[in-house]
Structure formats: structure tokens, C-alpha cells
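Below you'll find the structure, written out as C-alpha cells, and then a few comments.
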Amino acid sequence: MEADEVSIREQNFHSQVREYTICFLLFAVLYIVSYFIITRYKRKADEQEDEDAIVNRISLFLSTFTLAVSAGAVLLLPFSIISNEILLSFPQNYYIQWLNGSLIHGLWNLASLFSNLCLFVLMPFAFFFLESEGFAGLKKGIRARILETLVMLILLALLILGIVWVASALIDNDAASMESLYDLWEFYLPYLYSCISLMGCLLLLLCTPVGLSRMFTVMGQLLVKPTILEDLDEQMYIITLEEEAIQRKLNGISSTLENQTVELERELEKVKCKKTNLERRKKASAWERNLVYPAVMILLLIETSISVLLVAFNILYLLVDETAMPKGSGGPGIGNASLSTFGFVGAALEIILIFYLMVSSVVGFYSLRFFENFIPRKDDTTMTKIIGNCVSILVLSSALPVMSRTLGITRFDLLGDFGRFNWLGNFYIVLSYNLLFAIMTTLCLVRKFTSAVREELLKALGLDKLHLSNNPRDSETKPSANGHQKTL
């Protein structure tokens, strides 16, 4: 008996060591990839003092950690879905014994823990540390900046906890719930993270439909469009003449007229960009022009249509079946049954749709006017803007598993703290979320595909000069002689 107990303890010990090793290796890979992504966009700093260089380096490491956690949260649900199918297909395979329910539950718990840590501690610390200068009267240095940062963090924590305490007390006036608020770890922080998750899902609800319609424009800019009834040689000739004319103007302007020089340089950059695109289209092969672009557009349309159909079916399931709710539906467990009707093919389709929704949400996020200034630029993004981008991506990625389960994209149950959010058990919130997503996505797609017809109707009616087009982003501005902007 003692030998058996020792053997069981050894197996548990080796299993835990193996899980920690796998988690560490996965996170190390994500951290390295995140570091290269951030350094690609981070502004190359000029010669700085040692103190500022250390502060920037610490903020960079914290931002990289947050971006790695965001990537882990995005991969969480796809990894769990594919792991469930692998365990069903090869239940006794020796080489996949490391892949088990304990590992997957541990990954979900770590993702939840690190998301809370980054959102409430690391990112506020990085921002305040970057902006701090030290209190007046204290000796300047790293210690003074750390002290100021810690004080700001304590004040921020008191403010946020006080707001959540008042909000929860107003929502639920029960005495028992008031007393439970004093239990910080068991109630307060999960309640706060539940609110953040709800905000993230609402942000996804706003960004994803916009991104789904915007994806067609983005892919159209990245791919080479078919040259139907277009003479690229003539366009190249015209662009070359424009470039030469602007270059002659720049050479003839004196150095004292700085405003005109700056405007002409901007026009020259735009012309060069158009010329580069035309050269790329001219060099593209026939199959790239005539096959790749239509195939990608059709693929995007199919993925978007499947997403909307799945949401529509999920609405019907919610009305007739209580197990369709994202909270409280006890699943069969990992490796016990397939959660997709079509088995491995259905699981692969779910994973593709989850990644597609995440990419669309990011595209939609940066397409919103309020977040346009957040768009990172290569080698020209400040550290403050990088922190803002990391926080935004973290909120979106942390809410992605919740949104995917709420919309019925997958039937995989949310594990860890992701499945304990109170609002997931509210039928009216979940149903309203599905209805709003389906309606907003449909409206955005209809608006996208009917914009060309609408513009032609406005031109035919002579109303195109009234600027009724609802796509001001695509219009170009040109300065007039009196300094005002004219829309072309």
C-alpha cells in the first residue's frame, strides 16, 4: 500500500512538472514573438539618460508580457477545441499523454490569472511609471519614480474598488451581498473582472460587425485586383508626369516657404505610393490578378455568412433549449465526446471562425474613429501608445472566448473563471447580445455592398456634391489657397 501511494504521488508530481514545463515553453514562444512585434513598431529612441532608458526598458518588458498573455487568451479556445478532438481520435496514444484535461484547465486558469494581473497591475504600473517624475522635494531617480507610481496605483485601486462597491450595492441591496463585498479575493476581484469582461464583449459587439465589413476593403488593398478595362501603362504614364511636376515645384520653391514645401512633400509621398501600387499590379501574374482576389473575396463572404447563420441558429436554440446558455451547461468533459456535429471538420471550422472573428474585431477596432489615433506605425509608435494598444488587445482577446461561446460559434464550455461570470446566466442579456450581433453585422454588410449602387444613384440625381456619402474616410483632402480644406 505504501509503495502504491508513493507511486501515485510520484505520478502526480511528474504530471505537475510536465504541465508547468509545457506552460512555460508555450509562454516563452509567445513572449519572443510579442517582443519582435512590439520592437517592430516601437519608435527608435534617441540618446536618452540612463534613468529614462531603464524606465522605457521596463515598460517595454511589461507591454511584451501583456501582449503575450493576449496571444495566449486568443489561442486558448482553439487549442482546447483541437485538443478535445485529438484526445477522442487517439485516446491511448503514448505520445499525446501530456495532453490532458488537467493541462487544459491549468492553461485556462493561468490565462485568467495573468489577464487580471496585466489589466489591473502591470499595465497601470507601466503607464504611471513611464509618466512619473518623482514627488517634489525628493531626490530624482528610479526610486522616486517608483514611489510616485506605487502611490498612484494605490489611489487608482481605491477609486476602482469604491466604484465597483457602490455599483454592486446599488444593483443588489441585499445585506448578505453587502457583507460578501468585504471578501476581496472570493467576490470583489471576480466581480470586477466580470464587469471588465462584459465591457470587452460590448466592445467586441461594436468592433466585430464593423470589422467583418471592413475586411473586404482591407483585403482589397493587400491583394492585386483584376485589371478589367484598365490600361495600367497609361496610368503609370500619368502618375510619372504628376511625380515629375511635383518634383519640379519642390526644386523651384525657396527654403523659406516651409508650409508649401511640407504640403508638396506630402503630395509627392501619395503619388509615389500610388506609383508603387501600380507597379505591383503591373508585375503581378495573371493567376494572382484573376484568381487569388476573387477566391479570397468569396472565402471572406462564406466565412461571414456562416458566422451570421450560426448566430441565427444559436438564437433559435436559446429560445427552445436551456443548455444553449453559455453558463450552467455542464459539458461531457475534455476528451469524452465531440462538441461538434461534424467531428474534426466541424472543430476545424470553429477554429477558423474564431480566428476570423478576432482578426475582424481588431480591424474594426482600428477602423472606429475614436480609436484611429491608436493605430501603430512602424518604427514610429511611442511607448505610451504601445501600452494603450496592449491594453486594448488584452481586453478584446480576453473577451473572445466568452463572445464565441455566447454567440454559439462553439459549444465548448468556458473553463476556469471565464465560465463564472454572472451575466452569462442572464437569458435576456445573452439573447439581446445575439440579436444585436446578427442585426449589426447584417446592416454593416448591406451598407458595404450597396455603397457603390448608392453612390451611382446620388451621381445620377446630382446629389453627389452634397457630400451625402457616408464614407468620409476614403475622401481626399487638398489645401486651397486660403488654407481651408476642399474635399475632392
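Numbering starts at 1 and runs along the chain as displayed.
Placement of Cβ uses the backbone N, Cα and C atoms for every residue, glycine included.
The following features are taken from Swiss-Prot:
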- 246-286: coiled coil (COILED)
- 1-18: topological domain 'Extracellular' (TOPO_DOM)
- 40-61: topological domain 'Cytoplasmic' (TOPO_DOM)
- 83-109: topological domain 'Extracellular' (TOPO_DOM)
- 131-150: topological domain 'Cytoplasmic' (TOPO_DOM)
- 172-186: topological domain 'Extracellular' (TOPO_DOM)
- 208-295: topological domain 'Cytoplasmic' (TOPO_DOM)
- 317-338: topological domain 'Extracellular' (TOPO_DOM)
- 360-382: topological domain 'Cytoplasmic' (TOPO_DOM)
- 404-425: topological domain 'Extracellular' (TOPO_DOM)
- 447-488: topological domain 'Cytoplasmic' (TOPO_DOM)
- 19-39: transmembrane segment (TRANSMEM)
- 62-82: transmembrane segment (TRANSMEM)
- 110-130: transmembrane segment (TRANSMEM)
- 151-171: transmembrane segment (TRANSMEM)
- 187-207: transmembrane segment (TRANSMEM)
- 296-316: transmembrane segment (TRANSMEM)
- 339-359: transmembrane segment (TRANSMEM)
- 383-403: transmembrane segment (TRANSMEM)
- 426-446: transmembrane segment (TRANSMEM)
Using a Cβ cut-off under 8 Å, which residues of the same chain at least 6 positions beyond either end of the transmembrane segment (110-130) come close to it? 23, 55-56, 58-59, 62-63, 65-66, 69, 72-73, 76, 145-146, 148-149, 152-153, 156-157, 160, 189, 192-193, 196, 383-384, 387, 390-391, 394-395, 398, 416-418
Leading stretch by Cβ pairs under 8 Å, where the reference is the transmembrane segment (383-403) and the options are 19-39, 62-82, 296-316, 339-359, 426-446: 62-82
Let me spell it out: take the transmembrane segment (296-316), skip the flanking residues so only those 6+ beyond its ends count, and list any with a Cβ under 8 Å from a Cβ in it. 212, 215-216, 219-220, 223, 324, 349, 352-353, 356-357, 407-409, 431, 434-435, 437-438, 441-442, 445
Please give the sequence-distant neighbours of the transmembrane segment (62-82): residues at least 6 beyond its ends with Cβ less than 8 Å from one of its Cβ atoms. 26-27, 30-31, 33-35, 37-38, 104, 107-108, 110-111, 114-115, 118, 122-123, 125-126, 334, 339-340, 347-348, 350-351, 354-355, 358, 383, 386-387, 390-391, 393-394, 396-398, 400-401, 404-405, 410, 412, 415
What mean pLDDT score does the topological domain 'Extracellular' (1-18) have in the model? 73
Should anything in the same chain at least six residues away from the topological domain 'Cytoplasmic' (131-150) have a Cβ under 8 Å from its Cβ atoms, list it; otherwise answer none. 51, 54-55, 125, 384
DSSP says what for the topological domain 'Cytoplasmic' (131-150): how many helix, strand, coil residues? 10 helix, 0 strand, 10 coil
Long-range Cβ contacts under 8 Å made by the topological domain 'Cytoplasmic' (360-382), restricted to residues 6 or more beyond its ends, are 40-44, 203-204, 206-212, 214-215, 218, 388-389, 392-393, 396, 400
